[in-house]
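Worksheet for the structure shown next.
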Amino acid sequence: MAFVTTAEVCDANQEMIRSGQLRALQPVFQIYGRRQIFSGPVVTVKVFEDNGLIRHFLEEKGNGRVLVVDGGGSLRCAILGGNPVVQAQNNGWAGIIVNGCIRDVDEINGCDIGVRALASHPIKASKKGLGEQRVSLNIAGTRICDGEWLYADTDGILVSQIELSV
């Protein structure tokens, strides 16, 4: 998609919004990383205070995808840190959405990748690898399914059942 704001996407796709094919996440996320505008096909992960499964995905080639992580909204520890974000950047991921906390904010802000998270927290998560992958999530009042498309900029985050060409 050429540079078109999420607001313009919403304006041009009112019927998709009414039908639920295009959905906006509630505005609860902080913006991190150098890439403030990003989009791509969604890969979903559901974890709780454990980042082993997240790290596993970010070790793979991203091919412009967006990893969407439902961390249960936990504010007790960070499930994403600087090292995996650097790896994600190097492996070609477009962005990472975290329904939870991150840490190593200065390092992440230096990376050419888009990251959204609820907050930062200095305590790290466990690395047991527990969680679910490629499942439907409900984050910030919005259903997000593996394989859908995500569009993010400084106005907000949209999820679409199909790739949009605006």
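Each residue, glycine too, has its Cβ placed from N, Cα and C.
The annotation N-acetylalanine is assigned in Swiss-Prot to A2.
Contacts of N83 (substrate binding site) defined by a Cβ separation under 8 A and a same-chain sequence distance of 6+ are given as D104, in order along the sequence. Secondary structure from DSSP puts N83 (substrate binding site) in a helix. Swiss-Prot lists G81, G82, N83, P84, R103 with the feature substrate binding site.
D104 (divalent metal cation binding site): 21 other CB atoms within 10 A of its CB, across all protein chains. The annotation divalent metal cation binding site is assigned in Swiss-Prot to D104 on the grounds of similarity to another entry.
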Intrachain C-beta neighbours of R103 (substrate binding site), sequence separation six or more, cut-off 8 angstroms: A78, L80, G81, G82, S120, H121, P122, I123, K124
Site of maximum Cβ density within 10 Å, from binding-site residues G81, G82, P84: P84
